[in-house]
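Below is one structure, written out as structure tokens, with a few remarks after it.
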């Protein structure tokens, strides 16, 4: 089987079939034992030849010690992530525009226009079909100039203009009916009017049972009003260290000096009623009430630059959309496909958070190996496709 980069999602679907046809996923690797490296390459994948200098394809022998990708999960989570192939929309001609994910990014204000671009564009680079940015009018023209691939809506207007405000609320609510997931927070800011819009957005989205990703200043809103999300499980929060500490305090959870086991994140998930927590740090921790804590420790970049968290929110958002689409497909199928293993709702949310984190870290690493100290978040966007291939292939191995 020869698969070009253009057909890599078809390849993942094919490998998923192969995995189901064998007694155990590891038999895929055993079945290839005895063939040459080149034969195995052609049988499994043909990866892009444009990897940065010094970065080896995972199918070549003698990988570079700092770029070799290995799954970082404990065995239960590694087995779980193999199920993720089932969630990826197939590229087999059966879908029409929008059926691989319609993403909404709520953010973008007078002072912050880059963040919603990073989030929305990252979602497209991972494989969603349509990405909408809902922003403040003063930010819309600027964001439109960044990319023609984004659809930008200047709905977050001031209530000081009541007629326009009411009209924009109506248009925004109509747009929500077409989306699979809403990422709230990138470039939102803490201005009272923008925070009020975020509150209205969360309340409306929850009524419509939309999948949610909350980042940046949407978490600031949640610190002030934690009851907004309490009891709603269809959400992932992506706090950094400072944001996480604020959320703990808002939920009356006593912080601990050392928390590398994810127990505080689990407590936060329980306090908020079951949403998922992706706690960002040197090791990313993923916690959800009723599930084991997952740790993501694959190599990222030592360079910290603004926008990486926004890229993460867009990637996680795409996986959340694929989660919703997966369960919609399952409900429409009369009987499950014989090669597929069932995925529970709790498992799907863990998969979305973990793989969003792994792909972010991997594209950051690839960009850093190419550009070093000069790397910026904009450089990461071009590596999302390669990072996706590397991460997903890593989860076919023992």
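Keep in mind that glycine also has a Cβ here, set from the backbone N, Cα and C atoms.
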Per Swiss-Prot, 240, 241, 242, 243, 244, 245, 246, 310 bind (6S)-NADPHX; matching candidate in 187, 189, 274, 356: 187
Residue 243 ((6S)-NADPHX binding site): tally of other CB atoms within 10 A of its CB: 24
Per-region confidence, the domain 'YjeF C-terminal' (80-391) (mean pLDDT, whole number): 96
Binding-site residues listed as 245, 282, 301, least Cβ neighbours within 10 Å: 282
From 280, 301, 303, 305, 309: binding-site residues whose CA lies within 10 A of residue 241 ((6S)-NADPHX binding site): 280
Among 187, 307, 309, the one of these binding-site residues whose Cβ has the fewest neighbouring Cβ atoms within 10 Å: 307
Maximum Cα-Cα separation (Å), residues 187, 240, 241, 242, 243, 244, 245, 246, 310 listed as binding (6S)-NADPHX: 21
